[in-house]
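Going by TrEMBL, these are the annotated features:
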- Lys63: active site, for sulfotransferase activity (ACT_SITE)
- Lys63, Gly64, Gly65, Thr66, Arg67, Arg146, Ser154, Lys269, Gly270, Arg271, Pro272, His273: 3'-phosphoadenylyl sulfate binding site (BINDING)
- Cys255-Cys264: disulfide bond (DISULFID)
- 54-285: domain 'Sulfotransferase' (DOMAIN)
- 26-53: region 'Disordered' (REGION)
- 1-20: signal peptide (SIGNAL)
Amino acid sequence: MANFIHYVLFLAFQSHAARPDAIQMFPEAPRGDSENASIPPSSLPPPGSSKHMPHSIIIGVRKGGTRALLEMLDIHPEVTAAATEVHFFDWDENYFKGLQWYQDQMPYSFPNQITIEKTPGYFTSPVAPERIHAMNPSIKLLLILRDPTERVISDYTQVYFNRLENHKPVQAIESMLIKNGVLNSRYKAIQRSLYDVHMRNWLRFFPLDQIHIVDGDTLIHDPLPELQRVERFLDLPPRIVADNFYFNQTKGFFCIRSEGLERCLHESKGRPHPPVDNTVLKKLRLYLKQHNRSFFALIGRTFKWQ
């Protein structure tokens, strides 16, 4: 009887009219044959019966909290998330594989679910906005940002540990930030924190009301209000609640509780930042301050960044 019910549910999903952006995993099963009631579970479809282009993309920013945002949104029963960063719109070698390849990278989903992909490199890519617009000009974009100075230091920290793990030489953060006595504004970590520069490129292709900006600093300390705003932006029913989060005293940030299971972000998240010379830090903050003001003017909103 259980197998029969499972199969009836399968037929119901197959009879649902497929959307043009969907790839059906299985051909339609034959109907009206009583022998089908004995189909073994191994031949039935997995959770989700088709793949779709993303309904929303988390476009960045690197070291802004994109992984935390995606993991927290994945709690929602009507959200299905791509497991890895696809780098379709910012890497030519992937982009030229075509949209079918991109869709193949998405997870299986049910008709009532939306698909979300996140690749932090999109925000700072000069070509990603135009390419995403060409795919879907009405797509909803999520952008999570944090204090740009802290983001620079976090960016350096990630590269520092990656180089250590690969037995490569490392440099002190001060030597990366300062060259010949002045701030090295060409340093990639600093370039990624020029939010105004990158935002102008996105606003050439998308109206501001299609880009929801998540406060990454608030998400870490009080995740629920930020996620409720995202639910509204994505037209999702409110399903994420306070009980989905608990503060992990050891790690020092919120972890996730869902369907009776608890999980935290990877141990590489939340690494302690190296101390930075105070004079160097002041130069960095002063340089970024003018860009922050420009960014606030662009979006009509301010953040409590130092």
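Glycine is no exception: its Cβ is also placed from the backbone N, Cα and C atoms.
Residues belonging to the domain 'Sulfotransferase' (54-285) score a mean pLDDT of 96 in the model. Neighbour counts were taken at the CB atom with a 10 A radius for the binding-site residues Gly65, Pro272; the maximum falls on Gly65. Set side by side, the recorded positions Lys63, Arg67 differ in how many other CB atoms lie within 10 angstroms of their CB, and the most is found at Lys63. Cβ neighbours of Cys264 (disulfide bond) (same chain, under 8 Å, six or more residues apart in sequence): Asn248, Lys251, Phe253, Cys255, Ile256. Same-chain residues at least 6 positions away in sequence with a Cβ under 8 Å from that of Ser154 (3'-phosphoadenylyl sulfate binding site) are, in sequence order, Lys63, Arg146, His273.
DSSP assigns Cys255 (disulfide bond) to a strand.
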